[in-house]
Amino acid sequence: MDTHAFKRSLHHSERYNRRGFGRAEEVAESLEQAYQSGLIGTIRDNGYKLSHGRLTVRLAEAFGFCWGVERAVAMAYETRKHYPAERLWITNEIIHNPSVNDHLREMDVQFIPVEQGVKDFSGVTSGDVVILPAFGATVQEMQLLNERGCHIVDTTCPWVSKVWTTVEKHKKHTITSIIHGKVKHEETLATSSFAGTYLVVLDMEEAQIVADYILGKGDRDAFMQRFSAACSPGFDPDRDLSRLGVANQTTMLKSETEEIGRLFERTMLSKYGPAELNDHFVAFNTICDATQERQDAMFSLVDEPLDLMVVIGGFNSSNTTHLQEIALSRGIRSFHIDTPDRLDAQANAIEHKPLNENLRLESNFLPAGPVTVGITSGASTPDRAVEEVIEKLMLLSES
């Protein structure tokens with residue numbers, strides 16, 4: 001399928017909108033009440049620091065809603081305002097934040113049901129309005145909705161669209177896209193649908209397996225068993241790993257994406273030599289600015305003397321998980337929560353999700369005496385949620 005031609009055709013359709021409806025002022029008050037925070041503004045103005053009795057809060061200098069998320073949420077609110085009576089769907093969570101998605105449900109936005117990992121579009125009919133979330137949607141989903149006569153409101157983050165353009169260029173030049181991402185993440189599913197030949201690698205460990213195979217150090221059967229669910233149909237590692245381009249899920253850890261890119265550049269240089277390197281490896285630049293800013297701010301924050309860290313964001317949020325990884329890499333006692341409700345100020349307890357584990361309830365969360373708490377949040381977390389966590393910490397520090 002010529003995905004580029006399909007996108008161009010879709011973008012010219014009268015039933016497609018990716019620019020909003022000019023109703024920003026009409027939804028501004030609702031957005032402010034639901035997501036913004038006066039306290040957070042005050043803390044920003046005070047050098048990202050708050051002192052309250054024995055408690056000191058240090059905020060990361062970049063956190064919370066990124067521009068792409070703000071845009072997607074605002075467009076969703078505008079869509080309901082523009083289509084007050086129409087049946088309104090969304091193909092997935094608008095962003096990885098439970099409170100934001102709950103607000104959409106309260107606005108009678110229906111989420112496409114999922115049965116055994118497969119989306120069921122049978123309830124969507126001609127004339128329905130369907131929102132594509134910030135992560136985007138697969139080209140097959142877009143095609144289905146277009147053919148069904150739906151009105152499509154596309155809130156896909158432009159940084160994600162940039163990655164799609166990158167893998168389409170790879171496809172045009174018969175280059176295999178190595179996608180650094182989580183194979184079942186909505187964004188990676190969408191990106192791979194625009195690619196031609198592709199292989200998804202989760203981390204440096206998997207990237208090294210691919211690099212070793214390119215240099216003749218791997219077993220084909222073992223390789224295919226490892227990556228059978230992470231590659232394009234008909235993928236042949238002996239044929240399809242000779243010309244590579246790297247792309248990424250925009251919320252992955254920036255440093256690891258760059259390291260993976262350097263690994264494959266060295267690998268192709270070793271195999272083909274400097275004279276032929278440009279024929280076998282394509283450099284990339286698909287790292288999201290907002291993701292990079294939040295990770296850089298987190299690295300700066302964990303250099304400060306912190307007693308503990310609270311990371312706020314959806315448990316299925318990739319960018320939030322990577323912020324948690326940064327704290328843990330510095331040996332900081334860190335807690336990942338998805339909503340302020342996880343913190344019980346009366347009992348000094350917190351229900352949190354340790355990395356790669358199930359939820360855990362921890363007592364004696366805030367230690368006695370003077371305590372400095374670092375706080376950051378993922379790109380899908382509104383300031384209001386961060387404010388509520390800080391208010392609970394202030395209350396807890398007084399007890």
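Using N, Cα and C of the backbone, Cβ positions are placed for all residues, glycine too.
The annotation in Swiss-Prot ties H96, S317, S318, N319, S380 to dimethylallyl diphosphate, and of the candidates under consideration, H4, H185, the one tied to the same site is H185. The CA atom of H96 (isopentenyl diphosphate binding site) is located 12 Å away from the CA atom of E187 (active site, proton donor). Within 10 Å of the C-beta of S380 (isopentenyl diphosphate binding site) we count 32 further C-beta atoms, all protein chains included. Distance from the CA of N319 (isopentenyl diphosphate binding site) to the CA of C66 ([4Fe-4S] cluster binding site) is 11 Å. Within 10 Å of the Cα of N319 (isopentenyl diphosphate binding site), the following binding-site residues from the list C157, T250, C288 place their own Cα: T250. If you compare every pair of Cα atoms in H96, H185, S317, S318, N319, S380, the residues listed for isopentenyl diphosphate, the longest distance is 15 angstrom. Reported as a whole number, the C-alpha separation between E187 (active site, proton donor) and S317 (isopentenyl diphosphate binding site) equals 11 Å.
Taking only the Cα positions, the spacing between S380 (isopentenyl diphosphate binding site) and C157 ([4Fe-4S] cluster binding site) is 12 angstrom.
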